[in-house]
Amino acid sequence: MSVFISFEGVDGSGKSTQIRLLLQYLDEQSVPYVFTREPGGTPIAEQIRRVLLDPANRGMSVITEALLFAAARAEHVSRTIRPALEEGKVVICDRFVDSSLVYQGVAGGLPVEFLTQINEMATGALRPHRTIVLDLAPEVALARRTGEEADRIERQSREYHQLVREGYLDLARAEPRRVKVVDASRSVEEVQKDIRRLVEEVLPRRFRGAGTRP
């Protein structure tokens, strides 16, 4: 049985660190997995990523942004995610469709129905078995990123990122079985412990019960 797990959250919420620790844990447990990210995951999708995140493209319209994300996602799903799932692997993805619903929908103002439609076409209606949202106040997330060069989306206003946070929390309330919120303001070890527990809940039985040590 394959499992698809996505990670979401405001920029600076600690996704990269927590995913890295989770992958180390999966290695220790001999769980076959593929790690990938959005936008990106294939050569074509990575080219689209560069366009989307380039600060020089700050004038990009939200509809262009949404369509580019969907195009990258279509390529990503067909060439990376679905093949890995068909091989019975666990797929760990840094962002997926929920990012579009929240960033271009809730924060960007596009109709969620439109975003849902184009992304269902792009993915063949593929949905993660579990989505883990790392929740952190935007001002705290911004402070964590001091010294790092911000991309085009990260340079949006604090109000924009607050809408993103609220969008994720609303999503978790709407889909509580799939979307789980983890308080990312705590220590790295505490956050990782919760993530491992949530991941183990959806892993095939043969991979469960190996412990949740940080």
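Glycine is no exception: its Cβ is also placed from the backbone N, Cα and C atoms.
Not measured: the values here are computed from a predicted model.
Listed in Swiss-Prot for this protein:
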- GLY9, VAL10, ASP11, GLY12, SER13, GLY14, LYS15, SER16: ATP binding site (BINDING)
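Using a 10 Å radius centred on the Cβ of GLY14 (ATP binding site) and all shown protein chains, the other Cβ atoms total 21.
The Cβ of SER16 has fewer other Cβ atoms within 10 Å than any other of the binding-site residues ASP11, GLY12, SER13, LYS15, SER16. Same-chain residues that are not part of GLY9, VAL10, ASP11, GLY12, SER13, GLY14, LYS15, SER16 yet have a Cβ within 8 Å of the Cβ center of the ATP site turn out to be LEU134, LEU136, ALA141, ALA184. Around GLY9 (ATP binding site), taking its Cβ as the centre, 25 other Cβ atoms fall within 10 Å, counting all chains.
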